[in-house]
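K.L.:
When I checked Swiss-Prot for this same protein, it listed these features:
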type	residues	note
REGION	1-231	region 'Pyrophosphorylase'
BINDING	10-13, 24, 77, 82-83, 105-107, 143, 157, 172, 229, 318, 336, 351, 362	UDP-N-acetyl-alpha-D-glucosamine binding site
BINDING	107, 229	Mg(2+) binding site
REGION	232-252	region 'Linker'
REGION	253-453	region 'N-acetyltransferase'
ACT_SITE	348	active site, proton acceptor
BINDING	365, 371, 372, 390, 408, 425	acetyl-CoA binding site
């Protein structure tokens with residue numbers, strides 16, 4: 001029978017060092033609140049029940065933590081009396097009788113399911129407490145994991161460690177798994193007879209051993225256990241997250257010419273044989289199909305780019321943009337809630353908003369779909385194989401039929417039938433010699449002003 005597990009995620013900190021008006025767990029990593037990354041890691045470890053211990057911004061934190069397939073119950077920690085006290089804020093959930101209790105933190109967004117699964121396996125193998133540790137070249141300030149004969153005998157804090165113990169490089173991450181049948185008894189035995197008068201979760205090691213229990217430790221990569229307390233640490237976490245995801249994508253067949261300049265969102269999807277040039281930014285909701293090309297300095301969010309389509313350079317795709325197979329959005333173009341059919345081209349200096357463009361149509365430079373009247377948005381529909389001349393304004397709602405031509409510089413306010421030519425501009429007039437008169441007049445005015453000065 002599969003073991004049941006409750007993850008207790010501690011997210012009630014005051015976030016003082018973050019210097020922010022909101023809880024640190026709400027700050028984004030790859031466009032997603034860091035607390036959501038933690039819940040995703042927990043879910044990947046096969047855990048579908050979460051007790052979320054909250055404090056500041058409780059409702060916002062609970063909302064940000066919500067992801068599909070995970071049952072989350074929030075518990076308010078009214079006082080900050082240490083990690084042991086925080087876990088017991090979820091006493092009601094722990095008491096439901098899970099086989100495993102996994103304790104993790106809402107400000108450790110790089111954690112993955114591997115160490116969490118290893119900790120749970122330690123419980124399945126007979127341990128009462130399993131601590132997740134990490135090896136580091138910079139152990140100063142961390143509690144050291146002291147192991148003897150395969151068992152964890154103590155977590156020694158820096159200030160209490162001997163010189164020999166300070167040479168230990170295996171450190172406590174703070175994450176641990178506890179035998180669910182014994183968890184409440186063990187947690188209730190944690191005291192606060194220390195300088196700060198707080199209840200420390202690390203005391204479980206000594207408590208479990210004193211009761212004859214087995215305590216072990218498992219290892220995790222140091223970077224995955226990085227906590228986020230300051231903006232500087234947030235930047236480090238963002239950098240590593242990006243490096244890890246870029247590497248995964250390149251191994252899956254995506255070409256990135258200068259990967260260190262490409263920034264991905266948590267849900268970015270890029271297909272095999274897609275090419276991403278330097279300095280491209282993906283916001284949430286971007287899907288790039290195989291064989292697409294994203295040229296340099298483009299920004300894509302909430303958009304779909306089909307197979308063989310081309311974007312940029314210097315293009316912006318906003319939510320709702322959907323580029324058909326082999327279509328093109330070129331330099332200095334913006335598309336918002338616009339669909340381009342197969343082979344359609346929007347080559348340069350164009351805004352497409354709330355529009356449908358048929359297959360094979362060509363949109364000339366400087367064209368604008370005028371979609372907003374100050375109150376409401378309206379749609380522009382352009383049929384297949386239409387040609388829109390440069391510097392045209394299409395005032396929505398308006399429909400351009402299949403194969404229609406729009407003369408350059410036109411302002412189109414009325415529907416254009418299929419295969420028709422529409423002109424909406426003033427007739428050109430030529431006044432011979434008038435430029436000379438205008439120039440002489442301007443020079444005379446300039447000379448008069450100079451004489452008065």
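Any Cβ shown, glycine's included, is placed from N, Cα and C.
Note that the coordinates shown come from a computational prediction; the quantities given were computed from them, not determined experimentally.
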K.L.:
Let's see if you can do this one: DSSP helix, strand and coil counts over the region 'Linker' (232-252), in that order.
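P.N.:
The region 'Linker' (232-252) comes out at 20 helix, 0 strand, 1 coil.
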K.L.:
Can you name the far-off residues of the same chain, 6+ from the ends of the region 'Linker' (232-252), with a Cβ under 8 Å from a Cβ of it?
P.N.:
18, 27, 29-30, 34, 109-110, 223, 226, 259-260, 262-264, 268, 270, 272
K.L.:
Rounded to the nearest angstrom, how far is the Cα of residue 371 (acetyl-CoA binding site) from the Cα of residue 318 (UDP-N-acetyl-alpha-D-glucosamine binding site)?
P.N.:
15
K.L.:
Would you count the other C-beta atoms found within 10 angstroms of the C-beta of residue 13 (UDP-N-acetyl-alpha-D-glucosamine binding site) for me?
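P.N.:
I count 23 other Cβ atoms within 10 Å of it.
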K.L.:
Among all protein chains shown, how many Cβ atoms are found within 10 Å of the Cβ of the residue listed as 'active site, proton acceptor', not counting that one?
P.N.:
18
K.L.:
Measuring Cα to Cα, how far is residue 362 (UDP-N-acetyl-alpha-D-glucosamine binding site) from residue 107 (Mg(2+) binding site) in Å?
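P.N.:
Roughly 49 Å, rounded to the nearest whole number.
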K.L.:
Which ones in the same chain are close to residue 82 (UDP-N-acetyl-alpha-D-glucosamine binding site), with CB under 8 Å and 6+ residues apart in sequence?
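P.N.:
The list for residue 82 (UDP-N-acetyl-alpha-D-glucosamine binding site) reads 192, 196, 198, 199, 200, 201, given in order along the sequence.
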K.L.:
Near residue 13 (UDP-N-acetyl-alpha-D-glucosamine binding site), meaning Cα within 10 Å, which of 107, 390, 408 (binding-site residues)?
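P.N.:
Checking Cα-Cα distances against residue 13 (UDP-N-acetyl-alpha-D-glucosamine binding site), the binding-site residues within 10 Å turn out to be 107.
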K.L.:
Does DSSP give the residue listed as 'active site, proton acceptor' helix, strand or coil?
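P.N.:
The residue in question, the residue listed as 'active site, proton acceptor', is strand (DSSP, three-state).
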K.L.:
Is it possible to get the count of other C-beta atoms within 10 angstroms of the C-beta of residue 371 (acetyl-CoA binding site)?
P.N.:
22
K.L.:
Should residue 229 (Mg(2+) binding site) be counted as helix, strand, or coil on the basis of DSSP?
P.N.:
coil
K.L.:
I need the CA-to-CA distance for residue 10 (UDP-N-acetyl-alpha-D-glucosamine binding site) versus residue 107 (Mg(2+) binding site), whole Å please.
P.N.:
8
K.L.:
Which whole-number value in Å describes the distance between the Cα atoms of residue 157 (UDP-N-acetyl-alpha-D-glucosamine binding site) and residue 229 (Mg(2+) binding site)?
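P.N.:
Cα-Cα, rounded: 20 Å.
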K.L.:
Distance check, please: Cα of residue 408 (acetyl-CoA binding site) against Cα of the residue listed as 'active site, proton acceptor', rounded to an integer number of angstrom.
P.N.:
14
K.L.:
Relative to the Cβ of residue 229 (Mg(2+) binding site), which residues of the same chain, six or more apart in sequence, are found under 8 Å away?
P.N.:
15, 17, 18, 24, 107
K.L.:
Please give the average pLDDT for the region 'N-acetyltransferase' (253-453) in this predicted model.
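P.N.:
Within the region 'N-acetyltransferase' (253-453), the model's average pLDDT equals 97.
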